[in-house]
Every structure is written in C-alpha cells, then in structure tokens.
Amino acid sequence: MRERLRHCKRVIIKVGTSTLTHPGGHLHLGRMEALVRQIADLHFEGRQVILVTSGAVGAGLGRLGLAERPAEVAAKQALAAVGQGLLMQRYEGLFSEYGLVVGQVLLTREDLEDPDRRASSAQVMERLLAWGVIPIVNENDTVTSEEIRVGDNDTLSARVAALVRADLLILLSDVDGLYPADPHLHPGLSPIPWVSPDDDLDRFAGGPGSANGTGGMVTKVAAARICAEHGIPMVLACGERPDVLRQILAGEEIGTLFSREG
C-alpha cells in the first residue's frame, strides 16, 4: 500500500496547532515556511493539494499576549477572529514566493451536512483546484458555537477528503504516529507502521490534545475511520520532520498508515 501513495494525485494535508505555533501560541514561522515549501514542491509535481490548517486561535492568543487558551466560547471565537487573518496573511506571503495563489475556505458543520451547501462547498474547491489555487481550509470558529462545531480539524480534514474524493489524507502532528503504548511513559517505542481503521484502536488512543489545540489521538483515529468509509488512506506523521511530505509520497515508511489494505 505504501508504494501506491506515490501515485496519489489529490492530497489533503492537515497541520495541527502544536506544529504551527510555539508553546506560547505565536506562529512558528520556520515550520510554516518548511510546510509551504513542501506543498509547493508537490504542486509543481502535478499534485492537487488542499491544506486544512489549525492555528487561528493559537495565533490570536500569541498576538494578544495571552498566556492561556480561555475556556469561554466567546473568547475563543474572538481569538479566532484575530488569528485567522494573521494565519492567512502568513500563508499568502509564503506561497506567493513560489508564484502560488491561495484561497481561504472557512467551513461550518452545515456546509458539510446540508446537501445543497455541501455541493456548493465541493464546487468551490473543485474550481479553486482547477485554477491551480491552493485551498486553505479551517473551521469558521468565529461564528460556530460549541454545539454546532464540526469538532476539530482532524475530523474536518477527513470530511473534506470525503467531500472532494481525495486520494490521501495526511495528518501532521507533534507525534510520529500511533504507538502501542504512551511513548512518554515508554521511551524507545516505535510507531505502528500500519493499522486498519476497523481494528480496536481505542486502547491506543488515550490522552487529550495539546494545550493550544482541540485534537488528540482519539480524533485522529476517528478521522481515519471516516476516511476508510470512503476508501481513502490516511497517514499520521510528525510535522516537525524535515521533508515529511515528500517522504510519505515517495512511499517511505514514515508515521502510521491507516488503511484497510496493508
């Protein structure tokens, strides 16, 4: 199955808050630059790439000099309003260095569940890809309450992958993959190279996400299962690894491959 990843044309890449920001919440420009360079390389290879990005709330946190992510919904929505603009400004500047244009796509749960809005969202992204634009997707946190959220960007990226009939979803996080036990408690463990989303993975998926994010291994396993329902493989890998996207799409055994075929 790894060898088949070399031929994936339409790829969804999700990058998490822990990869995009420093612990204090400020954007990690070095990692953003490395990510954009890799995506540009994939684009010029002839692949279609959609980026699902976290980091809006974290960027707002850093810009306003706040020490902790607030629990209040309105405060998080306000932080997203500040941070989303900062995030897109950075992406626009970085991609423009490669002559690439980006398009912001902010989605809500209704955009993915209502048939008419779902069809409209798919048409917009198809048009952007046809024009050679890099769609940059995030949940519209500013107008979305906790009760009607998609939930997290792992789930969002899987739903986007299904929406546009992607060939592959890559989740970039602060972990190297799915481990058989907590690697913090068991140093020296290697990630599991391949698992089926149909397996009992919940025992491997304990633990919350990072302090500035909303995800964790539970949401990544859930994303893999959404992808599996649509025949889409998913790879979970560390976003801090140099050239991680090139290595995955070269068929190298990087991270954990979630697929019904080994």
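Every residue, even glycine, has its Cβ placed from backbone N, Cα and C.
Keep in mind that what you see is a predicted model, and the values were worked out from it rather than measured.
The ATP binding site annotation in Swiss-Prot covers Lys14, Ser173, Asp174, Thr214, Gly215, Gly216, Met217, Val218, Thr219, Lys220 and is backed by sequence analysis. The annotation substrate binding site is assigned in Swiss-Prot to Ser54, Asp141, Asn153.
DSSP assigns Lys14 (ATP binding site) to a strand segment in the three-state reduction. Secondary structure at Asn153 (substrate binding site), as computed by DSSP, is helix. Asp141 (substrate binding site) is surrounded by 24 other CB atoms, counting those within 10 A of its CB over all protein chains shown. On a Cα basis, Asp141 (substrate binding site) lies 16 Å away from Lys14 (ATP binding site).
Counting only the Cα atoms, the space from Ser54 (substrate binding site) to Met217 (ATP binding site) is about 16 angstrom. A count of other CB atoms within 10 A of each Cβ picks out Ser54 as the most crowded of the binding-site residues Ser54, Asn153, Thr219.
Secondary structure at Met217 (ATP binding site), as computed by DSSP, is helix. Around Lys14 (ATP binding site), taking its Cβ as the centre, 31 other Cβ atoms fall within 10 Å, counting all chains. With respect to their backbone Cα atoms, Asp141 (substrate binding site) and Met217 (ATP binding site) stand 21 Å from each other. Within 10 Å of the Cβ of Met217 (ATP binding site) there are 23 other Cβ atoms, across all protein chains. Cα separation, Asn153 (substrate binding site) to Asp174 (ATP binding site), rounded: 14 Å.
Under the three-state DSSP scheme, Asp174 (ATP binding site) falls in the coil class. The number of other CB atoms found within 10 A of the CB of Asp174 (ATP binding site), across every protein chain shown, is 14.
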